[in-house]
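Participant: Before anything else, here's the structure in question.
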Amino acid sequence: MTNVSGVDFQLRSVPLLSRVGADRADRLRTDMEAAAAGWPGAALLRVDSRNRVLVANGRVLLGAAIELADKPPPEAVFLGRVEGGRHVWAVRAALQPIADPDIPAEAVDLRGLGRIMDDTSSQLVSSASALLNWHDNARFSALDGAPTKPARAGWSRVNPITGHEEFPRIDPAVICLVHDGADRAVLARQAAWPERMFSLLAGFVEAGESFEVCVAREIREEIGLTVRDVRYLGSQQWPFPRSLMVGFHALGDPDEEFSFSDGEIAEAAWFTRDEVRAALAAGDWSSASESKLLLPGSISIARVIIESWAACE
């Protein structure tokens, strides 16, 4: 276990969706001739309308781009290069059955992948999901409502008449573990969640806010606590549909009463480190555990933050 002070700790591991995998090769986005030159030998990631991909043996299954078309179609997005320099593109399309019956392929989305996916696969799938979700909802300009077309190998959209260019946007959100500097931390259950399902407090950053100010405001709004010593831990992209989760921890007072004024949180409680460790050992939200406390799955930064705090001595 990590021997750290009671008021500070760091993440013990990098969240799955934050790890460096494929080379994003961003310089090729503005050189379509070079990007297209790699198409005949490129790999293709199909993402269906439910944001699912085919996975087998811990890796995403990639097809041959040339089987889709003889050149990149306008709706394809360039994800980068994998080992050996092979280009990878993604499209929104139905998943194709695997011809080999010995390959145990299954259709899963990012939420269901957890620890079964390697770093490169997780980066490819998360980038593809984020980009394709954006294209699905950005066919008209936010500036004037005019139709737009994909550009930069799928990394922007352009008004073909005016030349106005728009890029994928993200919505920054904070997620925070509130603890007492000793042996207890706050976990909360949203009103929409089943009984026993708890996680960290989170919320979107408002205009004019820093991340730290957002942490203090969100926790005050959601459970009525005043926090201090807000400290950064790490970040993770979360393409559901386009969030960037920025993780923190902060000190709170267990003697301060909870209040749930905005209706988003149904209940919150202080849990001891031993209670949290037991819940982590029992599994996660998807398990059949009878534990009184069910925690987020391994793909989320929430899980990594909770695990890191629980490992403190």
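Note: Cβ is positioned from N, Cα and C throughout, glycine not excepted.
Quantities reported herein were computed from a predicted structural model and do not represent experimental measurements.
So Swiss-Prot lists these for the protein:
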BINDING   Arg111, Gln236, Gln237, Trp238, Pro239, Phe240, Pro241, Arg242, Ser243  substrate binding site
BINDING   Ala202, Glu222, Glu264  divalent metal cation 1 binding site
BINDING   Glu218  divalent metal cation 2 binding site
BINDING   Glu218, Glu222, Glu264  divalent metal cation 3 binding site
DOMAIN    168-293  domain 'Nudix hydrolase'
MOTIF     203-224  motif 'Nudix box'
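Mind mapping these onto the model and telling me what they sit next to?
Facilitator: The Cβ neighbour count for Pro241 (substrate binding site), using a 10 Å radius over every protein chain in view, is 15.
Around the Cβ of Glu264 (divalent metal cation 1 binding site), a 10 Å sphere holds 16 further Cβ atoms from the protein chains shown. Under DSSP, Glu264 (divalent metal cation 1 binding site) is assigned to coil, being neither helix nor strand in the three-state scheme.
In the three-state DSSP reading, Glu218 (divalent metal cation 2 binding site) counts as helix.
Using a 10 Å Cβ-Cβ cutoff, Glu218 (divalent metal cation 2 binding site) registers 24 neighbours.
Non-local neighbours of the motif 'Nudix box' (203-224) in the same chain are 171-174, 176, 178, 186, 188, 230, 232, 243, 246, 248, 250, 252, 256-262, 264-265, 268; each lies 6+ residues outside the stretch with a CB under 8 Å from one of its CB atoms.
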Participant: What are the DSSP helix, strand and coil residue counts for the domain 'Nudix hydrolase' (168-293)?
Facilitator: 23 helix, 50 strand, 53 coil
Participant: Near the divalent metal cation 3 site, what residues other than Glu218, Glu222, Glu264 in the same chain have a C-beta no further than 8 Å from the centroid of the listed C-beta atoms?
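Facilitator: After dropping the recorded site residues, what remains is Leu201, Ala202, Gly203, Ile219, Glu221, Ile223, Asp262, Ile265.
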Participant: Including all protein chains displayed, how many Cβ atoms other than that of Pro239 (substrate binding site) lie within 10 Å of its Cβ?
Facilitator: 21
Participant: Consider the binding-site residues Ala202, Glu218, Glu222, Glu264 and say which one has the Cα lying nearest the Cα of Arg111 (substrate binding site).
Facilitator: Ala202
Participant: How many Å separate the Cα atoms of Pro241 (substrate binding site) and Ala202 (divalent metal cation 1 binding site)?
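Facilitator: Cα-Cα, rounded: 16 Å.
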Participant: Taking Cα atoms as reference points, rank the binding-site residues Glu218, Gln237, Pro239, Ser243 by distance from Glu264 (divalent metal cation 1 binding site) and give the first.
Facilitator: Glu218
